[in-house]
Amino acid sequence: MTKKYFGTDGIRGRVGEFPITPDFMLKLGWAAGMAFRSMGACRVLVGKDTRISGYMFESALEAGLSAAGADVMLLGPMPTPAIAYLTRTFHAEAGIVISASHNPHDDNGIKFFSGEGTKLPDEVELMIEELLDAPMTVVESSKLGKVSRINDASGRYIEFCKSSVPSSTSFAGLKVVLDCAHGATYKVAPSVFRELGAQVTVLSAQPNGLNINENCGSTHMSQLQAAVLAEHADLGIAFDGDGDRVLMVDQTGAIVDGDELLFIIARDLHERDKLQGGVVGTLMSNLGLELALADLGIPFVRANVGDRYVIAELLERNWLVGGENSGHIVCFRHATTGDAIIAALQVLMALKARGESLAQSRQGLRKCPQVLVNVRFGGGENPVEHPAVKEACERVTAAMAGRGRVLLRKSGTEPLVRVMVEGDDEAQVRAYAEELAKLVAEVSA
């Protein structure tokens with residue numbers, strides 16, 4: 001059954017435009033509360049990133065949940081993976097995150113976690129959607145939900161992150177620059193790395209509600225690159241606005257993407273005989289990652305794009321590590337969802353174990369040239385399914401004669417078609433990508 005509101009990563013859009021409006025959030029809170037209550041007693045955690053609209057939507061969700069008889073525990077600004085973790089530790093029935101992740105401040109959205117700290121099953125999302133179309137009724141006064149605020153949430157999560165590395169671990173002597181994207185990691189990330197002994201310089205940790213992801217964080221890396229060079233740091237770590245993506249910069253100022261970080265983590269676990277199975281990537285993962293893992297004898301499979309699909313594949317195979325080149329990295333030994341801080345700590349542990357710098361460690365993966373072009377798509381017929389686009393993709397694939405890949409897909413979170421071409425000749429790959437992107441734009445007009 002097709003979902004009306006939920007995309008690949010919850011519900012997301014422009015603030016003030018349906019469905020990202022206060023009245024819809026009120027009804028969504030009620031519908032979610034009714035759905036969760038139908039499964040038993042109900043406590044729901046609610047957290048958010050640092051967008052100014054988060055306060056408005058927090059109040060609306062709180063009212064809707066209470067009207068359905070659900071007790072609400074407010075966490076304030078916290079990373080998305082922290083809310084997944086705290087939902088489990090408080091034994092709540094569900095967690096809700098108010099965030100649009102790496103998007104600008106005038107977007108916002110809602111993500112749900114189950115009581116196990118994982119994404120909601122499809123059947124629960126469909127139940128919520130059915131209730132959204134039903135009349136809203138308030139439970140009797142004696143059954144209204146209570147609302148409380150959790151004041152020590154940050155401290156709990158900081159200790160959880162630190163527990164993902166051995167208690168004897170010290171990063172003393174390591175000089176690190178953190179870019180917190182003026183987002184949800186702005187308090188907790190500096191504390192985690194400082195308490196583990198690193199010398200930390202912090203960028204973009206002064207959120208004002210409007211500057212989240214603005215020319216900073218994992219989607220705008222130039223500030224971090226410059227700071228790593230200026231500070232003569234060993235490496236830089238960039239988070240996105242809600243703390244579920246991480247990218248890095250080595251001491252030369254070069255960007256280290258999610259594929260490379262995933263390789264470093266997986267190789268370390270493999271060398272310590274702790275990998276358990278193989279690695280899950282996505283359709284967008286660089287071919288070089290697959291080849292490098294194969295050289296180590298590590299199985300690799302591709303899931304659809306989106307961390308929920310990576311997680312589903314990990315669960316099905318009982319594997320522990322997966323991720324996306326965008327920086328969503330899942331380390332199931334420690335967390336139930338993509339966690340940027342924990343992933344970064346696993347990378348630092350791997351570097352420490354091998355006695356290597358980040359620049360040295362990334363050399364184990366030789367990436368194939370890959371060009372990604374985003375084409376704005378206003379709606380209507382999916383251009384990926386257009387006959388002319390399909391024919392062009394087949395022609396380009398045939399021309400690369402088994403030495404490359406073509407992937408076109410509609411984004412699940414933004415009005416974009418992503419055109420990706422990968423092969424062994426960078427100039428040719430770029431030409432093919434631009435040709436296909438131009439065609440997609442033409443058929444979308």
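Residue numbers in this text run from 1 along the chain shown.
For all residues, glycine too, the Cβ spot is worked out from N, Cα and C.
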Candidate from SER101, SER114, SER357, SER361 that Swiss-Prot assigns to the same Mg(2+) site as ASP240, ASP242, ASP244:
SER101
Under a criterion of Cβ-Cβ distance under 8 Å and sequence separation of at least 6, what residues of the same chain contact SER101 (active site, phosphoserine intermediate)?
ASP9, ARG12, ASP49, THR80, GLY109, ASP240, GLY241, ASP242, ASP244, ARG245, THR413
Going by DSSP, is ASP244 (Mg(2+) binding site) part of a helix, a strand, or coil?
coil
Using the CB centroid of SER101, ASP240, ASP242, ASP244 as the Mg(2+) site centre, which other residues of the same chain sit with their CB within 8 A?
ASP49, PRO79, THR80, SER99, HIS102, GLY183, ALA184, PHE239, GLY241, GLY243, ARG245, ALA340
